[in-house]
C-alpha cells in the first residue's frame, strides 16, 4: 500500500516495515547516536537536540573604556610589551657599557695642514693698526702714520702688507698677491670652507683691497695719479740714510720718515690693481655695496692704465731695482679679463681678445721664460683664465679664434711642465727650474703648480679626460701629479728632507731673513743700527713666522739657512700667495673640483633668449 509523503514524495508501506513502535524508536536512537558521533555540533544544535546541559562558562573581558578586549589577549599583549621593553633596556645597557672605537674623520692631508700655516704669513705681514684677531703674538701696530708726511699725495696710507723681510709696501707685487688669492677663492671656495679657512682668506683679501682704495681717489670716475710704494730701500752709493733696508728694526719701532712714491704713467701697476679689485669684487659679491665700490675703483684704474701709458718702474729707480716690470701689455690682458668677469661688459672682452694685444704681450714669441707665471708676467695666467671661458661658455664668433689660440697655447705650456719634455731643467731632487737656475725659484714653482692643478680641474669639469702634447694624449691626472711632486718637494720630500715652509714639519729654516721675526719682543726698542746684532747673530729667530715660504734652494738642491742671505731665506708676499693657491687646489677630495659658475655670475647670456612659442591656434 502506498501513502503520500507530506513533503511531496511517495511513501511505500509494506509488510517488512510493520514493526512495532518500540523497534522503530530503538532503530532511530541508534541512527541518531551514529550521526552525533560523526561530526561535532555547535552550541545551538546541542541545546536543540540534547536539551539544557547546565550553565556554560562565561568568557572574561577587560573594559578599557574605548574598547572591550578579551582578558587573555590583554594579558598577552601587556606581557609582550614588558618583555620587549626589558630586552631593549638590557641591550642598550650592554651597548653603553662596552668600550667602543670612535669613528673620527680622516686626518687632514698635508696640503690642508700647510694651508693653515701659509695663510698665517699674511697676518704677520700686516701693516697699520692690527685687528684683535690677528693671532700673531709678536706683532703689533706699526707705521700708522704712513702717508701723513708733507710730500704725500694722500694723507692716509696706513694698512696694507709689508712685502718681505723688510717694511716696504710695494704695491705692484702686493696687487698680484691679492689677485691670486681672490682667484683661488673664486675657484675653490668649497675647499677653503672644508678647511675652515674661507673667512680667514677673505679677511686677508679685504685687508689688501681696503688699502688699495686708499692709494687713489676711488670715488672718482677718472684719476691721474696713483701711489705706487710706501717706504724706501735705496742703499746705493753706500748711503747711510735710515730706511727700510739700511735699518734692521721691528716695524713697530720705526721712527724714520717713510716716503710715498706715486706715478702718473704706470699702466702695469694700475692694470694689476684693477685686476685685484675686480677679482675681489667677485669674492665679495654677497656684499653688494662693497663689491660695487671695488668694481668702480677697478674701472677707474683700468681707464687710467689705458690712457696714461708707461711702465711704473720706468720712472722709479727703486721699483726698477726691486720689482722691475718688463711690460704692461700682459697686465692689459690680465686686467681686461678680470674686469669682464666682474662686470659682464663686452668692451673688456673685446680688448682682452684683441690679437694685437696678445702679440705685444708675447703670446706668439716663445723664448726661455714663456709659460712662467709671476708678479711680472701675467700672460700665462691670462691665457688660462680666458681658456676657461672657451671651455664653459664657448662664446663663438668673433672671439673663438683668439680664444682657441689661448687654449692651444695653454695646452703647450702644460706640456712644458711635464718631465718628459726638456723645456725646463730639473734639479736631481725633481724641482722644476722655471727661472733657469737663478735664485729664489719657489715663487715660480708654486704658481705653475696652481695653474697645472686648475687647468686639470677645468678639463675634468668640462668632461674632458686630458689633452694632447703633439700626437700623444695625456690624462689630467698627469698634470695633478706634476703639481703634487713640486709641492711635496717644498713640504719636505727633497734631498735635504727639509720643509721650506716655516713651522711645517720638524725640519724647516730657523734663520729667516725677516726683521720682525728675528728681533725679540722684549719691550726694548732697538734703533736703526741696534738691530744689526739680531741680523748677524747665528742664533735662530726668537719668533717663528709660521707659514712663510722662503726663497728656496739653489739649482743643486742646496740650501743655506743663513739670515743674511736673502736669496735662500727671505719670504715674499707674492710667493706665499701662489703657495696658498696651489695648496688649496690640491687639498681635500679631488672630486670637489672647481666652482664652475660663480666667476660668470655678472656675465649676461651669450646668446639672445629665443622668443616664446606662439599661442595655440584657435578656430
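Residue numbers in this text run from 1 along the chain shown.
Backbone N, Cα and C atoms are what each Cβ position is placed from, and that goes for glycine too.
So that you can see what the record holds, here are the features copied from TrEMBL:
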type	residues	note
REGION	1-25	region 'Disordered'
TRANSMEM	73-95	transmembrane segment
DOMAIN	111-583	domain 'Glycoside hydrolase family 9'
ACT_SITE	513	active site
ACT_SITE	561	active site
ACT_SITE	570	active site
Which listed residue (561, 570) has most other Cβ within 10 Å, given these are active-site residues: 570
Integer Å distance between the CA atoms belonging to residue 570 (active site) and residue 513 (active site): 5
C-beta crowding around residue 513 (active site), within 10 angstroms: 25
Residue 570 (active site) and residue 561 (active site), Cα-Cα, nearest whole angstrom: 10
